[in-house]
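One structure is given here, and the rest of the page talks about it.
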Amino acid sequence: MSDISTTLAGIKLVNPFMVASGILDENGYTMKELLERGAAAVVTKSIGISERDGYPTPVIVEYGDSLINAVGLSNPGIENFGEEINIAKEAKRPIIGSVFAYNAEEFTKLSVKMEEYGVDAIELNLSCPHVKGFGLEVGSDPDLVEDIVNEIKSKVKVPVFAKLSPNVSNIIEIAKAAEKADAYVLINTVKAMAIDIYSRSPVLSNLYGGLSGPAIKPVGIRYVYEVKKETGKEIIGVGGISNYKDAIEYIMAGASAVQIGTALYKYGKGIFREMEWQLRTFMDEERFEKIEEMVGVAIKR
């Protein structure tokens with residue numbers, strides 16, 4: 001039988017399926033449940049220095065099988081999040097702490113605190129497309145990205161993942177600026193908009209949001225392929241993964257693991273068990289013994 005476990009920056013995962021940072025992992029009990037129902041690891045909601053309410057409703061628009069969201073980085077603040085991590089850790093699987101800030105100093109404070117809370121790795125949200133002063137505004141500046149990653153790597157011992165944006169002119173330049181990160185997370189959501197044709201106005205209270213789900217999968221596949229080919233660094237693929245075939249595409253493009261978000265919102269928390277046996281069946285039929293044998297095979301041809 002094929003081995004569907006994988007290793008990411010030295011972290012052993014029982015399968016390649018992780019929970020993406022987003023709207024379904026706000027508290028410890030939800031994260032624990034997702035892990036107990038088959039997720040190999042979970043990435044927390046992005047956490048900042050202080051509590052943030054986010055945007056007023058509406059903050060989510062269904063767009064076919066995809067979503068446009070502008071939640072606004074709502075979170076309880078780092079000082080109030082430790083207990084949620086403690087609860088999630090009861091599942092005995094890796095927890096990745098996602099953090100956002102506007103400069104290297106704050107990113108570092110958050111990362112150090114996450115490490116103190118016992119996370120297994122840190123994911124730097126350098127790419128949220130809809131909050132002024134954070135995310136994309138930080139992640140589109142290669143000098144700032146380099147400063148942030150380098151400073152954090154000098155202060156923490158756990159692996160650091162840099163989540164990069166598709167909403168930049170040269171993602172390779174940004175990836176190289178973050179080269180000291182232990183892995184890249186590709187991609188964050190695509191900046192998007194929806195109009196209500198009857199009210200003649202944007203649907204989201206923030207006007208713009210981030211598009212996620214199947215609509216962005218080809219974009220994510222492209223960037224994983226290009227960044228893996230250019231850098232050779234470990235990559236976590238994210239964007240539009242709804243089934244095992246989507247996950248395999250990302251893996252063959254160069255990802256060592258994948259993250260799932262919108263599909264959980266659409267299809268429920270049971271998706272992981274189904275994808276596990278489907279992946280194992282595919283690997284048996286195609287005679288792949290290990291996940292690593294599939295990583296980047298499309299690049300090698």
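Positions of Cβ are set from backbone N, Cα and C atoms, glycine also.
Per Swiss-Prot, the features are:
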ACT_SITE  C128  active site, nucleophile
BINDING   S21, K45, S46, N125, K163, I187, G213, G239, G240, G261, T262  FMN binding site
BINDING   K45, N69, A70, V71, G72, L73, N125, N188, T189  substrate binding site
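Largest Cα-to-Cα span within the substrate-binding set K45, N69, A70, V71, G72, L73, N125, N188, T189: 16 Å. In the shown protein chains, 28 other C-beta atoms lie within 10 A of the C-beta of A70 (substrate binding site). Look at K163 (FMN binding site): DSSP puts it in a strand. The residue listed as 'active site, nucleophile' and A70 (substrate binding site) are 9 Å apart (CA-CA, integer value). Ranked by Cβ neighbours within 10 A across all protein chains shown, the binding-site residues K45, K163 are led by K163.
All chains included, 26 other C-beta atoms sit within 10 angstroms of the C-beta of the residue listed as 'active site, nucleophile'. Rounded to a whole value, the Cα-Cα separation of T189 (substrate binding site) and the residue listed as 'active site, nucleophile' is 7 Å.
Secondary structure at T262 (FMN binding site), taken from DSSP and collapsed to helix, strand or coil, is helix. Minimal Cβ crowding within 10 Å, among the binding-site residues G72, G213, is found at G72.
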